[in-house]
């Protein structure tokens, strides 16, 4: 057991940084470090019989670092404060519309495909951070665990393909790119933005926070409306 725990942290770091080197060298979207780490580590754990609990205990320090990492996102916001003040009305409008669209589209598609209201409620908060999504999903009758899975899936999609899509649409403005990524793919999209550009990361962080607040406030009122319209 101790051997399994000891290897968890170096395994995670080696795979992640190796994936970063590959991504920097080949510039291929699917070489996203998070995605590569999952593709490598999950089969490794299954093949070796190491339980997730053992793996998590060994790499728990990385989980503990998430809290200061989130707090550190406030610094880029402070650096861009003058631009945020100048555009605050547009920023709030964009985040509000983006949050509503994210909730309506995912939930509506799920209902059209025959999903139960419980599953639809779980999918609704897919574009916000995991703790908020689990709380919101549970409060409107969903299953928090499914909400968490949806958040991870959407975040990976955004981190892997988000910038490719923005480039294809010829969206070049840093603020617009950051707001789009933060609104659509929460923390994982924000992390990707922060890797590529300081200003993008700042605006993505702002969208991450605002969309979490907006979603938690309007989801309880919006979900019954979606059910009534789609039902």
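All residue numbers here begin at 1 and follow the chain in the order shown.
The backbone N, Cα and C atoms fix where each Cβ goes, glycine too.
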Identical membrane-side domain name, residue 79 and residue 202, from Swiss-Prot: no
Among ranges 56-76, 119-139, whichever one Swiss-Prot labels transmembrane segment: 119-139
